[in-house]
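Visitor: Here's a structure for you.
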Amino acid sequence: WEFNGSFYQPSAFLMMGIPGMEALHHWISIPFCALYLVALLGNCMILFIIKKTQSLHEPMYYFLSMLAVTDLGLVLCTLPTTLGIFWFNVQRIGFDACLTQMYFIHTLSFIESSVLLAMAFDRFVAISHPLRHSSILTKTTVIKIGLAIVLRGVVSLLPIPFLLKRLTYCRKTELSHSFCFHPDIMNLACADIKVNVLYGMVILLSTVGMDFIFIVLSYILIIKTVIGLATKEECLKALNTCVSHICAVLVFFIPMIGLSMIHRFGKNVPPLVNTLVAYTYLIIPPALNPIIYSIKSSHIREALLRALWRKSD
């Protein structure tokens, strides 16, 4: 412990695996390894296919590439500490290292939320203004949107580590997860955390909350446009282009909202439920997104089959 007058700060935190199942961690690590492997290979495959296939150099697939890079970042943020606990029972993480991991996890989550919004906007333009789609979402515009998304995530969360460093902490250092999460660290403090709570809530609502609202509005406008199409076949064809994105939105936002609610209002929620929702939020979307897009996108699927056919030759 570092001591400076009445100021206490732990030198390290202790991360937890799955509560009540510590003896089974080696067996539990098997499905986790499988999910991490699927997420790493799947997202790398998506990036490789899009890079190598000229016909996929379109706004929709540029945004999909951003989603894949973000998912890879989330996987690489949590993989070392999660498997470190399951394989080697390494629970200790330095204070500054914990704040760094927390910052990147939250930043990448906010970036993923913004990328999903950009993908919703792309679908809206493609369905509502198909003839102007390429002129509205040019390559330069997509790059600017990508830079704005990254800048918003990086800047909006920059104060969080410093707000946590100013706090005085109690003797309890056990975190609820195998990764560092802002509400989890904040609740270990003995000081007044009103500023942290308020800032976290404002940033969450003004970024992820607004993203979700605009995604819903985008789909309301898409449905309004689709209803006006001449034939049922055209209507189904237009909606079919949105299925992958809708699945990705649900897979990301439902666990995220659940985890946020548990940390803020679920004081009596069993620790096991809290842990499972957290893992669902951070591991399932990166693993499922490549599968969803590979199954639902005929262009991705065909490009993948062509790449495999060339390798077999």
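The backbone N, Cα and C atoms fix where each Cβ goes, and this holds for glycine too.
From TrEMBL, here are the annotated features:
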type: TRANSMEM; residues: 24-50; note: transmembrane segment
type: DOMAIN; residues: 42-293; note: domain 'G-protein coupled receptors family 1 profile'
type: TRANSMEM; residues: 62-88; note: transmembrane segment
type: TRANSMEM; residues: 100-121; note: transmembrane segment
type: TRANSMEM; residues: 142-164; note: transmembrane segment
type: TRANSMEM; residues: 197-222; note: transmembrane segment
type: TRANSMEM; residues: 243-264; note: transmembrane segment
type: TRANSMEM; residues: 276-295; note: transmembrane segment
Visitor: Taking residues 6+ outside the transmembrane segment (197-222), which of them lie with a CB under 8 Å of any CB in it?
Guide: 109-110, 113-114, 116-117, 120-121, 123-124, 127-128, 152-153, 156-157, 159-160, 163, 182-183, 186, 238, 242, 246, 249, 253, 256, 260, 264
Visitor: So, do the transmembrane segment (24-50) and the transmembrane segment (276-295) meet, by the test of 3 or more Cβ pairs under 8 Å (sequence gap 6 or more)?
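Guide: In contact, yes.
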Visitor: Count the Cβ pairs between the transmembrane segment (243-264) and the transmembrane segment (276-295) that lie under 8 angstroms and are 6 or more residues apart in sequence, then report whether there are at least 3.
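Guide: Taking Cβ pairs at least 6 residues apart, the transmembrane segment (276-295) and the transmembrane segment (243-264) are in contact, with 3 or more under 8 Å.
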Visitor: Over the domain 'G-protein coupled receptors family 1 profile' (42-293), what does the predicted model average in pLDDT?
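Guide: Mean model confidence (pLDDT) across the domain 'G-protein coupled receptors family 1 profile' (42-293) is 92.
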